[in-house]
Every structure is written in C-alpha cells, then in structure tokens.
Amino acid sequence: MPPPITHLTKRANDPEKHKREKRIPHPDPLKPVRNPTMSKSPTFSQEKVTVVFVLGGPGAGKGTQCERLVNDYGFVHLSAGDLLRAEQKREGSEYGQLIADHIKEGKIVPQEITIALLRNAMKQAIDAQGKTLSGHDVPQQHKSKWTDGKGRFLIDGFPRKMDQAIIFDETVCLSRFVLFLQCSEKVMLERLLERGKTSGRTDDNEESIKKRFQTFVDTSMPVVEYYRKQDRVVEVDSEQSVEQVTEAIRKAMNDTFARLGQAA
C-alpha cells in the first residue's frame, strides 16, 4: 500500500495548522470517521456490497448517467464531487476552505477527506437500507439488495488517482468494476461551458476546466489503465445522445453482471 498523502502538511508553517490538517473530517458530527489508512480490512465485504466506480473526464456525463441508472439496478449514487462541495459548505467544517481552493484550482482534494466522506455516506445508506439523506429510496423490486447489510453503489468521480483506488479497495470495499465514459475534450468543453451558464459552480469556467482536463489525463487515466489490466473496465462512448449512452451502458452493465454471476 502506498504511504498516506502528506502534501497538505508540507505547506504549513504553523505547527498547530499542521496538526489540524492531518485530522480526518467529520462529515456528520454524530458519526466520527476512522482514518481509512489505519483499517486492517475493508469496512464492507464485496460479498454483500457492490461498488461500481464511474470514471470519465469532466463533462463526460457521469452524473447524468448515474441518475438514469439508479432505479434500473437498485444503486445508490454517490458523487465524490457533490460530497466534497457539501462538506465545503457545511457550517463548522475545518476543511471547507481547503476543499474550495483545491476545486477552484482543478486539483485533487486529499484522499483522507474524500474517502472518509464516501465511507460515511455508504454506511448511512446501508444502515437505512438504501434510503439516502437526500430522500432517495431504491425501488421496491430492488429492496432485497439492501437487506442484512447489503448494498450497491455507483460512485462517480472517484478514484481520481492511484493511491485513492488502492486504499479504497483495501480499506473500504473492493470494487467490482469501473464504468469508463470515453469522450473527447472538445465535446466535454462544450458541455461544461453550457452547464456553467446555470450551474453556479466556481470550476465551470474555461480556465478551471482546462486544468481539470490536464489533471484527469495525468492522474485519473492511470487509474483506468490499472483496472483495465485486471479486466475490470467497461468502456462506453459517451459522445452520443444521453439516451443512446444510457442504452449502451445498460447493455454493458447487464453483460458484465452476467459474467460476474451476479443478478443485475
């Protein structure tokens, strides 16, 4: 396992700030989070919990497609970006400004924060048998996939770098496969600039977008290749219409679940 990320503390001249930055955040003050790098075994068993990572460049359509797939397969959709933005806005968060700065610069937020947020969100959904804090509940026909500690998650925008992938698989839950949405930078840029007109997101501007593209190529594509070598990548062309992409994903997901011997 690679060593924990320490680049946050290298920039701190204040010893007290150094200590604060090494603490793990508490997305829910009532549910303290363990440092994932300290776990000796995954929090969740792959036999009970199915995790599918959804990767693709900024604007590839990850969030859109996840929203369309949750009811088909009984997934709970977790967006790493949404969880980080919520933590950024949470009153009293000691990581709010740090997260805001990283997002604005198109940089990857330290893994300890992102993994802690994901772990908490997964536990909350499993404890509630598929009902999330936002009020989403899985359809009745999929309830059996959420009993006795079971669950299934689409996690989009994560892992964004190799150490995130390895640490999540080893300490949170071994993922089943990666759904990779392939899309050209030209199309992604057009989509993001259009979205930026109404999204209110600080990173939906051309300067930030280009930084995010480069970050994805430099750090996230090696993650895709890592899983591809394990025959754990399902790739779909996401430049087509939303409906066409959804249908292509459904077919690919059905084929993959059948190959894994798991009911879709």
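Any Cβ shown, glycine's included, is placed from N, Cα and C.
The ATP binding site annotation in TrEMBL covers GLY59, ALA60, GLY61, LYS62, GLY63, THR64, ARG195, GLN240. Per TrEMBL, the feature ribonucleoside 5'-phosphate binding site maps to ARG85, LYS107, ILE108, VAL109, GLY157, PHE158, PRO159, ARG160, GLN164, ARG201, ARG212. Positions annotated as compositional bias 'Basic and acidic residues' by TrEMBL: 11-31. Annotation comment: TrEMBL describes 1-41 as region 'Disordered'. Sequence annotations record features per position, and here TrEMBL assigns region 'NMPbind' to 79-109. The region 'LID' annotation in TrEMBL covers 194-204.
Distribution of TrEMBL features across the structure.
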{"residue": "GLY59", "record": "ATP binding site", "DSSP (3 states)": "coil"}
{"residue": "THR64", "record": "ATP binding site", "DSSP (3 states)": "helix"}
{"residue": "ARG85", "record": "ribonucleoside 5'-phosphate binding site", "DSSP (3 states)": "helix"}
{"residue": "GLY157", "record": "ribonucleoside 5'-phosphate binding site", "DSSP (3 states)": "coil"}
{"residue": "GLN164", "record": "ribonucleoside 5'-phosphate binding site", "DSSP (3 states)": "helix"}
{"residue": "ARG195", "record": "ATP binding site", "DSSP (3 states)": "helix"}
{"residue": "ARG212", "record": "ribonucleoside 5'-phosphate binding site", "DSSP (3 states)": "helix"}
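Among the binding-site residues ILE108, GLY157, ARG212, the ones whose Cα sits within 10 Å of the Cα of GLY63 (ATP binding site) are GLY157.
Looking only at the binding-site residues LYS62, ARG85, the densest Cβ neighbourhood within 10 Å occurs at LYS62.
In the structure shown, across all protein chains, PRO159 is the one of the binding-site residues GLY59, GLY61, GLY63, GLY157, PRO159 with the greatest number of other Cβ atoms within 10 Å. Separating the Cα atoms of PRO159 (ribonucleoside 5'-phosphate binding site) and LYS62 (ATP binding site) is a whole-number distance of 13 Å.
The Cβ of GLN164 (ribonucleoside 5'-phosphate binding site) lies under 8 Å from the Cβ of GLN111, THR114, ILE115, PHE158, VAL223, each of these being in the same chain and 6 or more residues away along the sequence. Secondary structure of the region 'NMPbind' (79-109), assigned with DSSP and counted as helix (H, G, I), strand (E, B) and coil, comes to 19 helix, 1 strand, 11 coil.
Between the C-alpha atoms of ARG85 (ribonucleoside 5'-phosphate binding site) and GLY59 (ATP binding site), the distance comes to 17 Å.
Cβ neighbours of THR64 (ATP binding site) (same chain, under 8 Å, six or more residues apart in sequence): VAL242.
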